[in-house]
Each structure stands twice: as C-alpha cells, then as structure tokens.
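Participant: One structure, pasted below without further comment.
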Amino acid sequence: MKPSARMQAAIELLDEIIASSREGGAAADTVIARYFKSRRYAGSKDRRAVRELVYRAIRRSGERPASGRAAMLGLADAAPELAALFDGSPHGPAPADAEEEPALASAAPDWLRDQFDPLIDDAELAAMLGRAPLDLRVNRLEGSRDEALVAFPEAERARLSPIGLRLPDGFQVEATDAWRTGLVEVQDEGSQLLSLACRAEAGMTVLDLCAGAGGKTLALAAEMGDRGRIVAADTDRARLSRMVPRLERAGVSIVETRLLDPGRERAALADLGGTADIVLVDAPCSGTGTWRRNPELRWRLTPERLDRLVSLQARLLDIAAELLRPGGHLVYAVCSLLEAEGRGQAAAFAGRHSGFVSEVPDMAGGRRSGEGALLSPAHDGTDGFFVARWRAPC
Ligand SMILES: C[S@@+](CC[C@H](N)C(=O)[O-])C[C@H]1O[C@@H](n2cnc3c(N)ncnc32)[C@H](O)[C@@H]1O
C-alpha cells in the first residue's frame, strides 16, 4: 500500500471506531482486526503503519471527533509529512478543503476534566495517554521470578511488584513455553500490586465478586498456594468461561466459578453469607486508568454512564459487606482515576457502614487518596487504580 492509501485506510477505520464508540459496539482493536480480515492485500507492514496512525489520532482527541477525516486532519496539522498524504491520488484521501474543521487536540473530554482525583494533574493526564508497558506476573505455583528471568532474558524485574517482570514492547509472550506451562501470565503491574494488597493466605475463603476472566483470581490463588477456596463470580458468562483454561494452565484447583444474574447477585451468593475471609470487589468502572491501552474509552463514557457505574459499585460493595465473616476484609478496586469511583465511593461506603474500619492498603507504590490509595501511570508507571480496604466489625 502507498502511504496515501494507508492514510485513507486509517480514516475509514477511524470512522468505524467512532461509530462503534457512539453505539457501544466493538473496541478499536476488534474493529481493526475485522477490517484487515477482509483486506488480505494489506501486508504486515501496512497493518502496523495503519494501526499506528489510527492510535495516534485516537490519543490526540479527548472528545469523539466528528469523523475519521477530521481526526486525521487534526493529526496532520502538526505533521507536514501526514498533511502531504491528502493528495487526491486514486486510493488516497481527497485534498484538504479550507472549510474543513480538523478535530481539536485534548487529553480528556471537557465534561470530565474536573472529575479526576485531586492527585491527577496535567503530567498524570499526559502519562495516561502514553504507551502501556508489557508486564508479566510470575505464577509462584509454577516457579520463582528468577526462574522466569531465565526463560525471559530480555525482561527486567518490575520496579514495585515482587512477582512482576517487564518486557520490551511487542514481545510475543503467548508463543513461549513459559506462558504455555503457566509460569507467567500477562498482567499489568498495578493489578499485581492490588492483588497482593488483598493479603490472601492459604486456607482462606475468598470471594472475587467481579472476577471477569480471572486476572486477579489467578493471582489470589497463587498467593494462597492453591490451598483454601475461591469463589469467582461475574455476570458475564463469556468472561467467566475464558477463566477456565487459564486456571488449568496455571495449575490452580481451588477456584469455583459462579455466574450471577444482574440484580439478583445476593440470592446467588447467599450460601457465603458471613463466611468470607476476603471479598474482592474489582468493580466495573469507567476504565479511565487504562486509557494507555484503550484511549478510545474517552469517547464512550458519558455522565449518565458514569452515574450508573457509581450506583452499581455502591450496590456491589453493600452486597460484599454482608458476605464477610466478622473481622474479614473487604477490598474495593477500580481501574479508574475519577474521584466519584475512587475516594468518593470509598467515603460513601464508610458513611453507610460505620462499623467497618478503614485500613490503608499495604501496597508498594501508590499515594494515599482519601480512605484508599491511588496507583497512577506517571507516579507508579502502572495503569491507574484506586484501592481501598476495610475490616468488617467483629
Ligand atoms: C474490572 S472488570 C473485572 C476484571 C477482573 N477482576 C480481572 O482481574 O481480570 C469488572 C467485572 O465486573 C463484572 N460485573 C458487571 N456487573 C456485575 C455484577 N452486577 N456483579 C458481578 N460482576 C459484575 C463485569 O462483567 C466485569 O467482568
């Protein structure tokens, strides 16, 4: 493909990604994969170059752009080599018209700018749009970090997580024996740190209330030495089923998955009432802490959606509180850097449950934020997370 044809492909893809974000459809990565499936003429270099252009344009636009062309014209504003590709050639984009309005550059949508945790400044906002590193968690059930370093000589030890490794960009982890045999899992260092902050131990009963495909479940099972019981619950059948092969690969046997009906979680979890040593609520959230990986999430969030998420988080926290044994621990986590989902949510919980004692999570890295702690891309080099921890009344 000629450079101008790559530019046209990026514009078409952006149109699809914009529509998908408006309609709650597939994520950008999925849209890109589908696009190239039906365009076999595009070689791997073309795909890489188009993808790179698409993500540069997404990162530049905090607000959802009017069109792919507007997004690309905005990007081309400060890049003459890109502007030159609007050349009207047969497969390239038409020349820019003086009347056309390029998309404006911004880090976040306007309505969201004053909603961040007070610790999030302009440097943090910029880092939230950088590139995420490739992190691995070493599965202590299968070996040590030193053993994993032998398997991955190109890796370095993670700065904060004692079970983390950091690999160069683009490394094909899933093609390695170490991954196939369960010695490592791909997991952001922040997720590792908050899993460790749960302080799960062998023999405990642990409920992972929003377990998804099991990223934290696997980490908790390893901390427990695969001894005790973990109930991994979620309302999403597809995610829960993706956990099963991961458990097998990691050599984990103590996890039972449980599919919940949205709105009827209490009934499905009633047998655990008053028995759990730890309940982890890794709640559904805005994902603002993962913009490095999914920058188009900025185009999907609305004030109404944020309100719905905050209510759901509060409801899940209240359910979790009923399932703990006296003196058990509740851990709340969100991959969000918004105040309402983080310290605001934690303060509201504390107001509703005065018997619960707040314990600032014992975690490498992070900064105190209200009742909890905040991990962030600029300060910690991790995805953004808010984590809070309480002890249930005895
Ligand atoms: C942040 S993700 C969890 C990620 C997962 N813990 C991990 O480490 O990979 C939030 C999860 O909450 C689930 N969820 C949404 N509503 C829920 C509900 N009412 N009860 C339980 N889980 C719910 C979503 O399906 C999603 O998998």
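Including glycine, each Cβ sits where the backbone N, Cα and C put it.
The following feature annotations were taken from TrEMBL:
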{"type": "ACT_SITE", "residues": "CYS335", "note": "active site, nucleophile"}
{"type": "BINDING", "residues": "ASP234, ASP261, ASP282", "note": "S-adenosyl-L-methionine binding site"}
{"type": "DOMAIN", "residues": "111-393", "note": "domain 'SAM-dependent MTase RsmB/NOP-type'"}
Participant: ASP234 (S-adenosyl-L-methionine binding site) has how many other Cβ neighbours within 10 Å of its own Cβ?
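Facilitator: Result for ASP234 (S-adenosyl-L-methionine binding site): 24 other Cβ atoms within 10 Å.
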Participant: I'd like to know the mean pLDDT over the domain 'SAM-dependent MTase RsmB/NOP-type' (111-393).
Facilitator: 97
Participant: Select the most exposed residue of ASP261, ASP282, where exposure means the fewest other Cβ atoms within 10 Å, treating these as the binding-site residues.
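Facilitator: Among the binding-site residues ASP261, ASP282, the lowest count of other Cβ atoms within 10 Å belongs to ASP261.
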Participant: Tell me, how many other CB atoms lie within 10 A of the CB of the residue listed as 'active site, nucleophile', whichever protein chain they belong to?
Facilitator: 26
Participant: Between the Cα atoms of ASP234 (S-adenosyl-L-methionine binding site) and CYS335 (active site, nucleophile), what distance do you get, rounded to the nearest Å?
Facilitator: 17
Participant: Mind computing the max CA-CA distance among ASP234, ASP261, ASP282, which the record assigns to S-adenosyl-L-methionine binding, rounded to whole Å?
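Facilitator: Spelled out: the longest distance between any two Cα atoms in ASP234, ASP261, ASP282 is 17 Å.
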